[in-house]
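Have a look at the structure below, then the notes.
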Amino acid sequence: MKELFLKEDLCCRYRSFTLFLTFLSYTAYHLSRKPINIHIKISYPYTLYNLSVGKFCVQLCDLCFLFVDQDNYKTLYGMLDNSFLVAYAIGMFFSGIFGERLPLRYYLSCGMLLSGLFTSLFGLGYYWNIHSIWYYAFIQAMNGLVQTTGWPSVVTCVGNWFGKGKRGFIMGVWNSHTSVGNILGSLIAGAFVSTAWGLSFIVPGLIITFTGVLCFFFLVESQFDQSSFSLCRKAQPSRKSPTHYIEACCMPYFEKAISFCGALSIPGVVEFSLCLLFAKLVSYTFLYWLPLYISNVAHFDAKAAGDMSTLFDVGGILGGIAAGVVSDYSGGRATTCCAMLLLAAPMVRMVAVMLLVCGGLVNGPYALITTAVSADLGTHESLQGNSRALSTVTAIIDGTGSIGAAIGPLLAGLISPTGWNNVFYMLISADVLACLFLSRLMYKEVRGWCSRT
């Protein structure tokens, strides 16, 4: 029995360390994405009095000098946004398939190193005096592709180590890496927004590169990966000993990975994927356009608007944890998402004065679906114990959501010239549609509660 307790203690340490390291990893991913949102959306021309000519003139901020000779600079900046998002959405559907068949430690580490490279190359364009839109669009597209390695890998790692009991709460707390990364990225970008903007990309690039090195050397992707398989075999003295379960936990490594169509056939995958499409549309519209909205409405300068927008991310942390706790207690993932989305619909109109509350209600369902729901569906009972579906299911759900992430900011850019009210009506409609796609699952959960009562 003493040996059994020692093995359980070792497993608990590995589990805690994996949770921390994957948290750190995805924080670095989001930290490296945020600077361009801060720079592009609040770096439009402003008016100053020019003493040399004796009149007011349109001045360009630091990043605007990229395309100083272009009249359609807003369109060019939108191209940079969408080159990342479209590449990310497309690449995500393939990333899960690769992640299911490759060692996650190598896959995740390689993706982080390449992401650090492309993020830094974007910033180096400042020092190399590059003004070509195609250079920056190519860098953004390649960064979008390599960043798809992150989410399926970290969710699979955490799902491998944690069961369904408190998965909502644990992954709700863990998912705060998204908001923490956004906050840190905003602060780094804000520090250089009016000076050397290249450092806003080079510093996050170096951070994610360093984190990738840590993952390569220290990540234990599951309790039944190749490296721990030998440990498991050594840990078992005999089949009939109290530790015989350890060998059983090693066996899923040799299971056949699920196909793309097989993952789609898991009950609930399609519904949650379509719900996330609209939930992520709302979340990413705020992510990309909230600094500009605050700057225009509240008349804050660039740095203050970027700092204010972080309150929305703080609300996202609290909302993700709350959604996880409620869904764990009630057992109703779909019902929890629907309730928060319905509450969020009228709140988005008051985002400027209720950043924390709105951030929690908007990002709560998004966080729950991409973490605990994805992990639950990746270990669904219909898989008959096959655990090698987590990465593919996670990629399908997040890939579908990423389509909304690409569409949302684009629609906001097209609608905003007609007035901010129309943008908010679009976001409210998206929230309602997200609820409708979960209506069948919510009805099933409510009916189950009533039958038990």
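Glycine is no exception: its Cβ is also placed from the backbone N, Cα and C atoms.
Feature annotation from TrEMBL assigns domain 'Major facilitator superfamily (MFS) profile' to 18-447. Confidence over the domain 'Major facilitator superfamily (MFS) profile' (18-447), given as mean pLDDT on the 0 to 100 scale, stands at 80.
What TrEMBL lists as transmembrane segment is 76-99 (among others). A Cβ distance under 8 Å defines the sequence-distant neighbours of the transmembrane segment (76-99), meaning residues of its chain 6+ beyond its ends; these are 33, 36, 40, 67, 70, 107, 133, 136-138, 140-145, 147-149, 151-153, 156, 260, 263, 284, 288, 391-396, 398-399, 402-403, 405-406, 409-410, 413.
The transmembrane segment annotation in TrEMBL covers 106-128 (among others). Long-range contacts of the transmembrane segment (106-128) within the same chain, counting only residues at least 6 positions beyond its ends with a Cβ under 8 Å from a Cβ of the stretch, are 25, 28-29, 32, 36, 66, 98-99, 135-136, 139-140, 142-143, 146-150, 153-154, 157, 196-202, 204-209, 211-213, 215-216, 219.
Residues 14-15, 18-19, 22, 25-26, 29, 32-33, 36, 66, 79-80, 83-88, 91-92, 94-96, 99-100, 104, 107-108, 110-112, 114-115, 118-119, 121-122, 125, 170-171, 174, 219, 221-224, 370-371, 374-375, 378-379, 387, 390-392, 394-395, 398-399 of the same chain sit 6 or more residues outside the transmembrane segment (134-162) yet have a Cβ under 8 Å from a Cβ within it. Among the features that TrEMBL reports, transmembrane segment is placed at 134-162 (among others).
Residues annotated as transmembrane segment in TrEMBL: 174-193 (among others). Residues 19, 22-35, 37-39, 42-43, 61-62, 158, 199-200, 203-204, 287, 302-303, 306-307, 309-310, 313-314, 316-317, 320-321, 324, 363, 367, 370-371 of the same chain sit 6 or more residues outside the transmembrane segment (174-193) yet have a Cβ under 8 Å from a Cβ within it.
The transmembrane segment annotation in TrEMBL covers 199-220 (among others).
Summarising the annotation, TrEMBL assigns transmembrane segment to 269-290 (among others). Within its own chain, the transmembrane segment (269-290) has Cβ neighbours under 8 Å at 37, 41, 81, 85, 182, 263, 309, 312, 316, 334, 337, 341, 344, 348, 351, 359, 362-363, 365-366, 369-370, 373-374, 377, 393, 396-398, 400-409, 411-413, 416, 423, 427, 430-431, 433-435, 437-438, 440-441, counting only residues six or more beyond its boundaries.
Per TrEMBL, transmembrane segment is recorded for 310-329 (among others). Residues 165-173, 175-176, 178-180, 182-183, 186-187, 283, 286, 290, 336-337, 340, 351, 355-365, 367-368, 371-372 of the same chain, all 6+ positions outside the transmembrane segment (310-329), place their C-beta atoms under 8 angstroms from a C-beta of that stretch.
Annotation source TrEMBL lists transmembrane segment at 341-362 (among others).
The transmembrane segment feature in TrEMBL is assigned to 423-443 (among others).
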